[in-house]
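Participant: Per TrEMBL, the features are:
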ACT_SITE  31  active site, nucleophile
ACT_SITE  34  active site, nucleophile
DISULFID  31-34  disulfide bond
DOMAIN    1-108  domain 'Thioredoxin'
SITE      25  site 'Deprotonates C-terminal active site Cys'
SITE      32  site 'Contributes to redox potential value'
SITE      33  site 'Contributes to redox potential value'
C-alpha cells in the first residue's frame, strides 16, 4: 500500500477504522525537520508496501488543522501509530532511529 495523503479528518477516521495498523506522519511544508525526515518515512513505507495490515499516511497540519487540533499536536514532525482503531504509540521530532523503532514495533504488532 502506498503512502496515503490525508486531506480530511473524516478520511483519517475512516482509514483508522478499516486498517489494522496506521502509521501517521504529521508535518508541514515550511518545517525543515519535517523535510529532513520525510524521505526516511517514505522509504519505510516503500519497504513495507506488500503488508496489507499496515497503512502509512501523511497529512499537512496547515491543510487539515482540525485533525492537528484533535490529535493535540504541539510540535512537528509528529508520528502516531494506531492499532485496531486506538492510538498506540507516538513520537515527535526528526529522530530517524526513533522513527525506525516506532515503525518496526508497529509492523511487528500488525502480525499479531
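Cβ coordinates come from backbone N, Cα and C, glycine included.
Just so you know, TrEMBL annotations are computer predictions that nobody has curated.
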Participant: Out of 31, 32, 33, 34, point to the one nearest residue 25 (site 'Deprotonates C-terminal active site Cys') in space (Cα versus Cα); all of them are recorded positions in the record.
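Facilitator: For residue 25 (site 'Deprotonates C-terminal active site Cys'), the spatially nearest of the recorded positions is 34.
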Participant: Using DSSP reduced to three states, classify residue 31 (active site, nucleophile) as helix, strand or coil.
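Facilitator: The three-state answer is coil.
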Participant: For the domain 'Thioredoxin' (1-108), give the DSSP counts of helix residues, strand residues and coil residues.
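Facilitator: Here the numbers are 46 helix, 29 strand, 33 coil.
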Participant: For residue 34 (active site, nucleophile), write down the residues of its own chain that are at least 6 apart in sequence and whose Cβ falls under 8 Å from its Cβ; none is a fine answer.
Facilitator: 27, 28, 76, 77, 94
Participant: Check the recorded sites 32, 33 for other C-beta atoms within 10 angstroms of each C-beta and report the one with the most.
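Facilitator: Output for this query is 33.
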